[in-house]
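Asker: Below are the features I grabbed from TrEMBL:
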| type | residues | note |
| --- | --- | --- |
| DOMAIN | 167-370 | domain 'Glycosyltransferase 2-like' |
| TRANSMEM | 15-36 | transmembrane segment |
| TRANSMEM | 43-61 | transmembrane segment |
| TRANSMEM | 336-355 | transmembrane segment |
| TRANSMEM | 367-389 | transmembrane segment |
| TRANSMEM | 401-423 | transmembrane segment |
| TRANSMEM | 444-466 | transmembrane segment |
| TRANSMEM | 472-495 | transmembrane segment |
């Protein structure tokens with residue numbers, strides 16, 4: 001069935017909606033009566049994710065690992081158009097980002113376009129506009145009513161880029177690049193002979209507080225991005241992306257149909273036959289999310305957006321003229337599934353199985369065992385890569401593992417949310433340090449998981465069921481892990497305030 005039919009009016013949309021409701025009712029009935037089916041599907045899906053993660057881990061340290069190329073490998077004729085999208089960002093933060101771009105040394109010809117979209121308070125964007133007026137290489141655009149959030153803003157900047165620009169460079173509002181960023185970018189493009197290059201995301205002021213959280217975030221680049229270089233299958237991750245302008249225009253520019261417009265664009269580029277690479281050298285550093293809620297909001301967007309992108313891909317709605325070979329498809333899938341998990345359907349199956357066990361339904365114990373195994377696999381998939389990698393001290397690794405576990409309920413909810421049609425909302429991660437004070441309430445997904453965990457532990461102890469008790473404990477772990485993560489973020493925000501970042 002075409003998902004677009006759900007948006008039709010009364011004349012053409014009643015039958016599809018009715019069929020969809022009937023299908024949903026049948027599905028709910030099957031799940032309630034036979035939770036073992038839901039548990040089995042969840043287990044098989046999580047096994048698939050575990051295998052994809054294993055492939056990424058095995059390939060990450062073999063072949064081209066993104067080692068920086070020689071700076072001398074410059075390319076003549078390159079012209080960069082650097083785009084800095086902003087929405088309600090602290091002006092001093094944006095100006096610091098622009099100052100770092102102004103300080104580029106020995107760079108090819110370049111311009112910088114700041115595109116501010118839908119910021120209502122002029123006091124926020126006027127200081128940035130004034131700064132750009134005083135610097136000839138910089139142009140400031142303020143637009144109201146922009147549709148498509150960041151993707152829509154980037155398309156405006158793309159249309160305004162200088163005609164002779166060969167490559168589009170994206171830099172987030174909080175990222176301060178090194179003086180040789182554009183020089184290194186030119187060298188990477190020339191040496192690798194690819195259509196786009198992605199540099200890693202890194203974070204400043206993480207020498208003490210926040211190091212473990214930064215380690216959890218960098219695991220994506222250490223495994224999935226490095227593995228993608230095996231088949232020129234690197235997708236995009238937003239900031240510090242360098243894309244050939246002709247390739248970007250050929251695939252239709254940026255799209256807002258998913259919350260992760262960067263990964264979606266990278267997939268369309270790969271599907272169209274363009275080649276991408278991951279350059280391992282750190283060329284810029286941004287800010288970590290400053291609160292636990294901000295971190296959860298970011299993870300929800302990443303997981304739901306990538307899940308939606310994956311489903312669009314599987315449905316053939318991102319397929320280009322040149323279908324990539326199997327290796328590129330597998331490595332693209334490892335990147336899109338880096339943040340997702342199937343703990344939510346497994347937890348639901350475990351709860352229904354507990355009810356069946358209380359009612360002495362024989363199949364309840366089997367469903368509980370499979371659901372418990374799925375939750376164990378979710379935890380293993382989260383922790384093992386960070387522990388095996390051995391990056392950083394034991395304390396940093398412990399914080400990284402606790403951070404990932406704390407984010408599991410949000411990622412699980414986002415995974416399911418990404419499977420359903422509808423407009424995905426792009427929510428900017430707050431970067432105002434003054435707003436990072438105070439104790440934040442746990443996210444709803446974590447609260448629900450904890451309440452279910454308490455109930456399952458009680459039921460498991462009453463019935464002497466290891467799967468129920470163990471599953472309940474696993475559902476409680478994110479709440480316990482969130483405490484360590486919240487302390488790390490609070491310490492990080494304090495460091496930023498002391499350093500007046």
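Glycine too: its Cβ is placed from the backbone N, Cα and C atoms.
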Asker: Take the domain 'Glycosyltransferase 2-like' (167-370) and average the pLDDT across it for me.
Answerer: 92
Asker: Short question: most Cβ pairs under 8 Å with the transmembrane segment (472-495), which of 43-61, 336-355, 367-389, 401-423, 444-466?
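Answerer: Going through each listed stretch, the top one turns out to be 444-466.
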Asker: Would you mind listing the long-range same-chain contacts of the transmembrane segment (43-61), meaning Cβ under 8 Å and 6+ residues beyond its ends?
Answerer: 222-224, 226-227, 230, 330-331, 333-334, 337-338, 340-342, 346, 370-371, 373-374, 377-378, 380-381, 385, 388
